[in-house]
């Protein structure tokens, strides 16, 4: 099969200048030409003229031949339905139908299963919806409950009869007298006590005021507090000043808010832990039928006795009036004093003794036990 040949035609118009128009021509295998042209022009009155020659074929054969399209149209808008003029009237109906279809799609199918949710209920009722957490005011006056903070202590003398009230009245009368107020005849003959006389220097001395006399105690005891409210705080874990505990010195001094204590102690949790461990050991030994408390005590006492020396480190003889130094070394009293006159340090560890020799009660106790055993043996 021979390939198709495309030719060009010239379209001429009677009323307009000559223009070029695209006309599809195909040539069949036997040489006959096929012409497909657009019979309409832009002006409407144009005539199409065929200016090419297509061989020896007649025009009747050309009209009877089937037109073949060479260029393939794009298929992008193949599935798009073009809107016709008659569809304008049915626009409103189509919109209503589409909305009905959408509403029908959104309707959920009934489900018999139970579902639980923490969100608000979607059921609509006649009552208006309220938020989940809503608190209404009771619209009442707040109950006055001060827990006894305004209670008054009535065990003391009444404030209008105590020493301070008497002194205030005396100073008030003296103030009136200094201002030149006239006195009654009955007032001059009435004795008002040693503090009732007119003080002509009251305006020049500061001590004639209650604020300055309170500390001096010139008008009796101070008033007790009428309103008492005690708050106690138990600090089971006091904050220790680290600087003072390690060095014995704190730059803040007495104003330091932490406790100044250099003692070593165990916190509560550590004490409880040790007690629980000891209880576990005791219960285990009790279940096994073993009593280790007495045995351990005997072992500890034996170890302590074995740790004590049996003779003086200097004279290598049994102790005579044994003494012990700060470094826990035992000597005879005579040997220790004699060595101290020559050397101020310990004979064993060469540490300063500071001249301190305490009585060795452990050695004396052991010597007494040995003496009693020897007497019983005799």
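For all residues, glycine too, the Cβ spot is worked out from N, Cα and C.
Straight from Swiss-Prot, the features:
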REGION    14-150  region 'Disordered'
COMPBIAS  29-46  compositional bias 'Low complexity'
COMPBIAS  56-68  compositional bias 'Polar residues'
COMPBIAS  73-82  compositional bias 'Basic residues'
COMPBIAS  114-125  compositional bias 'Polar residues'
COMPBIAS  140-150  compositional bias 'Polar residues'
ZN_FING   235-263  zinc finger
REGION    283-303  region 'Disordered'
COMPBIAS  290-303  compositional bias 'Acidic residues'
ZN_FING   312-350  zinc finger
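On the 0 to 100 pLDDT scale, the model's mean across the zinc finger (235-263) is 85. Per-class residue totals from DSSP over the zinc finger (235-263), listed helix then strand then coil: 9 helix, 2 strand, 18 coil.
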